[in-house]
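Read the structure below first, then the notes.
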Amino acid sequence: MSAPNKSYDPVEVSALQPEELDRARDEALAAIASAADLDALKRARLAHAGDRSPLALANREIGALPPQARAEAGKRIGAARGAVGQALKARQAELEEERDQRVLVEEAVDVTLPWERGARGARHPLTTIRERMADVFVSMGFEVSEGPEVEAEWFNFDALNFKPDHPARTMQDTFFVGSEDTGLVLRTHTSPLQIRSLLTKPLPVYVVAPGRTYRTDELDATHSPVFHQLEGLVVDEGITMADLRGGIDAFVNGMFGEGLTTRMRPSYFPFTEPSAEVDMRCFVCRGASAEPGGEPCRTCSSEGWIELGGCGMVNPRVLVACGIDPDRYSGWAFGLGIDRTLMFRHGAEDMHDMMEGDVRFTLPFGMEI
Amino acid sequence: MRAPLSWLREYVDLPAAVTGRELAARLIDAGLEVETVDRAGADITGPLVVGEVLAIEELTGFKKPIRYCRVDVGRANGSGEPQNIVCGAVNFAVGDRVVVILPGGVLPGGFQIGARKTYGHLSEGMICSVSELGIGEDHDGILVLPPDAEIGADAIELLGLRDDVLDIAITPDRSYCLSIRGIAREAAIAYGAAFTDPAAVELPAEADASGEAYPASIADPSACDRFVLREVRGFDPAAQTPLWMRVRLHRAGMRPVSLAVDVTNYLMLELGQPLHAFDRAKLTGPIVVRRAEAGESLETLDHVKRTLDPEDILITDASGPISMAGTMGGLATEIDGASTDMVVEAAHFDAIGTARMSRRHRLHSEASYRFERGVDRELPLYASYRAARMLAELGGAEIVAGVTHAQAPAPPVAITMPAGHPDRVAGVAYGRDTVVRRLEQVGCAVEGGETLTVAPPSWRPDLTDPNDLAEEVIRLEGYENIPARAPRPVAGRGLTVEQRTRRRVGRALAGAGYVEVLSFPFASERDWDDLQLPADDPRRTALRLANPLSEDEPLLRTTLLPGLLRALARNLGRGFGDVGLYELGLVFRPREGAPAKAPRLRVDRGPTPEEIASVDAALPDQPLRVAVVLSGEREPSGWWGPGRPGIWADAIETARTVAREVGVELAVRADRHEPWHPGRCAALYAGGTLVGHAGELHPRVIKAYGLPARTCAMELEMRRLGEPRLPRSPKVSTYPVATQDVALVVGADVPAGEVEGALREGAGDLLESIRLFDLYTGEQVGEGRKSLAYTLRFRAPDRTLTAEEASAARDAAVAVAADRTGATLRGA
């Protein structure tokens, strides 16, 4: 940098001539305007606004001017540099905008490409529907009761008022464990959990017992040697069949939808007396398919009703076998097939599909149903 | 039980318009499980008439005999001219009355009959067989009617070709409905119609009963409490079963056999009393009802020689056993085509005794079916008399005066019940009068005021308890009239910890890409071999089913793996090789020293805790396990690049996934444990407890189950993970992290887990996390060595760590690793 001159010789500082400054400014503005991209602009910035640019050099020369000339020269240079700076900024914004537009288009991808990188999993619908069914009872304050699948005959039959050699006992095609006289069976129903609950829980008892059950049926479309049941049990003071009805209705409404009615038909189970079979209004057609001219319904085969399960008032003999005073306590029990419920609720048609573990069957059911 | 409506109508005065379906609906409401209503003959259209065969021309030149007949059908064909009909049967003669369907008629099954040319002649209709008419199974010949059948008469009406048949599944408590009598009684109650008891025949006066009777006695009153014999003589063995009886037997699902047999079957269906007829000429000496003696045997009517059990109930004569009581008669005393003199037996045998006998001999008959469910004790005198009369009327027999009637006293049944009991069971106010009226309707004798003494009728052995009586009242008043009372809210405690854990584990595994399977818990010894289990492996000790569905799988699983591996193979076979499956289920492990039998406790009082324990002690241990199997790619290849096969490490990771749901971090150690690959098997520990194993399966196991190479598996026992812990809230430090990388060289056989454990321990409390980011083997570290590179992140809860502090912590970590595992800093 040159030191301030003591003498004033405008010729020596021709860079500060107004014409020179205007020319430098105009060249700069032209270069900026003509910069086609950010790189060109960067070069233009270096050439016209950089340390070695004419305007920067001119600025340095101000000190060489006599003091009286400095202010005016400074003003002119400042104006020129300001104009160049503004032009640079404007052009920079313009070019960046252009670039962004272009790049974002260039970076576009095919968002329809598949991305199946992770394995998909699912819980078995018999598990999730069982939980769903149990949860309806749990929401009413019931507790979930579970127990062994290899069960003592006393729990599976005797305590449930299946008398030895009674036909009801042979009606349930039982798997015997060991031999026929070990007193051990694969439980034929979830009802032994009634006994276990009544023996272990303080009264009153409100339990729901879901579980795996076994009978010697060959696997076919509608039967399986391994199947699943769920039953609700209430033992309390003053329980009547009206409570049974109310309990079943509450379950049906919680599980299948509000406003569905049920009907009971007299039936027979050793562990309930009186006993009944329960049907519920079809939750799809709500009975319309059974009316004259109604649209056919696949869910209920146009019956208007769906067979739900069996129920009844706990046989006082069962209470006695559990050490409960039947004069003081009474109760109801209601049981239904989980597999069958899955079949009619979700249109599953073949037990093979439920039992064979084919992933194509299970995956669509996801985590909850 | 199949009940034709026309048969029921004989004993219940139903309104004429009632159809089978309407009756079925009423009976269902009353508690009879009517499964179907078969509208037999509903599709028959006439003209179907009686004709007389006027002439027969035998046609020749065909493969079988063909007749060209002229049949007089009266004015049924409009013209009165005889019909010309071609017929392929030969069991009729000129002058016989037959059933003719004229052109335009339709036979059961929708078979339309037209005039058509056949065997060179125009056949104007068809002469029908019983099977074509839907009233029998006999295809061999056409039906020849009695000579008094009126020519031209409508055969549909005459033969009862149209009838609704109710097929009813009789529940074990309603044995009385295993008869027309019982169902008619229910129908009468349902319609408030008059009922005529088919058993209510007037017996010969005592004075006339004093004739000769076949001697009989009951030696064991526990086996039989009533035994009645009646004799008929001079029965015509050639007598035919009348058509109406054959039609009814057919509708009820039984085959006509011979008149004598048909009469006993017919009356069993009508009354519910099994009857047996002996050929009088084949009996020797007095009849005794007793239990079998050791070594006795009997050849029964089905030509099976049966060795008898001392508990079997027998009818015997001087020759020994002649019948298995209430189950099946003996061959030697059977009625045959020449029998003329018969002894008809009607008895009341013990239900349990017959049930055991028929089960023991796997011999189930219509008779045993009824006896084991309970037969009306008052029937034998009446049923036997009706049988004798039918044999007399239809078979020309003469009833021998007198009756043999042995009996043992049966205690009268009386149930005491508050009159309001049905109300309290139903939650409906019926009132005493309704209760009494309904009980009397079902045949009970009722006495008393506020407390009722109820004597059930003889045909209702199922009525023993107040609740049985309540059910009678409630069902007849209509279940549909029971109101619904909304449940009262109760204070439940929700799911247990175990139940919630199980759900979380399922969700976690499904979320990790595994699909749940519920496999059958059946296994075989072959599975243990296929799993390469050593001879002394406890998993080989399995429970055996006495009656497995398949002899190939008689055992109960002791591990979840066989079922999962089979499901994996099944998916593979169906084109899905990249699969991960899991199962949560029980395994069955016999307990050492468990009693061989579970006691059968009494049921007339609650068991003591000791008694419950004695039952539970006989049960096997049934722990809940979780297992995973996986094969193929865990991450598939795709446009993004290559995929990633599932490996042993994935299997171990599933165990960690499970354990984390219980709040447990598993420790992993190398192990050798079948069915895993000996070099790729991890034992999994929660604290000091072995919870299970994971890794790659042994190649021989993979081959045995037909699985892809490198199939992996994990199995652990849930309870061994311990109780889920309450997570403690961490203290989140906001001070900066200090990161240090170390590369350690160790012997190739030093487990990375040990190195990491040593680093953790040495690094102290400042260590926030440690991550292995590289594993290197090769020239740079030398043979038999490997390099493990870790990132250690340090952070203090209360200050910014200095570089010196972080380095010091790292050095301490390395020092412990060096001490424990011989690790050296790489490049040092």
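Cβ coordinates come from backbone N, Cα and C, glycine included.
The annotation Mg(2+) binding site is assigned in TrEMBL to B:Asp462, B:Asp468, B:Glu471, B:Glu472. According to DSSP, B:Asp462 (Mg(2+) binding site) is assigned to coil rather than to any helix or strand. The Cβ of B:Asp462 (Mg(2+) binding site) lies under 8 Å from the Cβ of B:Asp173, B:Arg174, B:Ser175, B:Gly374, B:Asp468, each of which sits 6+ residues away along the same chain.
Annotation source TrEMBL lists domain 'TRNA-binding' at B:42-156. On the 0 to 100 pLDDT scale, the model's mean across the domain 'TRNA-binding' (B:42-156) is 88.
Positions annotated as domain 'B5' by TrEMBL: B:410-484.
In terms of DSSP helix, strand and coil, the domain 'FDX-ACB' (B:733-826) has 34 helix, 32 strand, 28 coil. According to TrEMBL, the domain 'FDX-ACB' annotation covers B:733-826.
Summarised by DSSP class, the composition of the domain 'TRNA-binding' (B:42-156) is 6 helix, 49 strand, 60 coil. Sequence-distant neighbours of B:Glu472 (Mg(2+) binding site) (same chain, six or more apart, CB under 8 Å from its CB) are B:Arg438, B:Leu439, B:Val442, B:Cys444, B:Leu463, listed in sequence order.
Sequence-distant neighbours of B:Glu471 (Mg(2+) binding site) (same chain, 6+ apart, CB under 8 A from its CB) are B:Val425. Other Cβ atoms within 10 Å of the Cβ of B:Asp468 (Mg(2+) binding site), summed over all protein chains shown, number 19. Per-class residue totals from DSSP over the domain 'B5' (B:410-484), listed helix then strand then coil: 31 helix, 13 strand, 31 coil.
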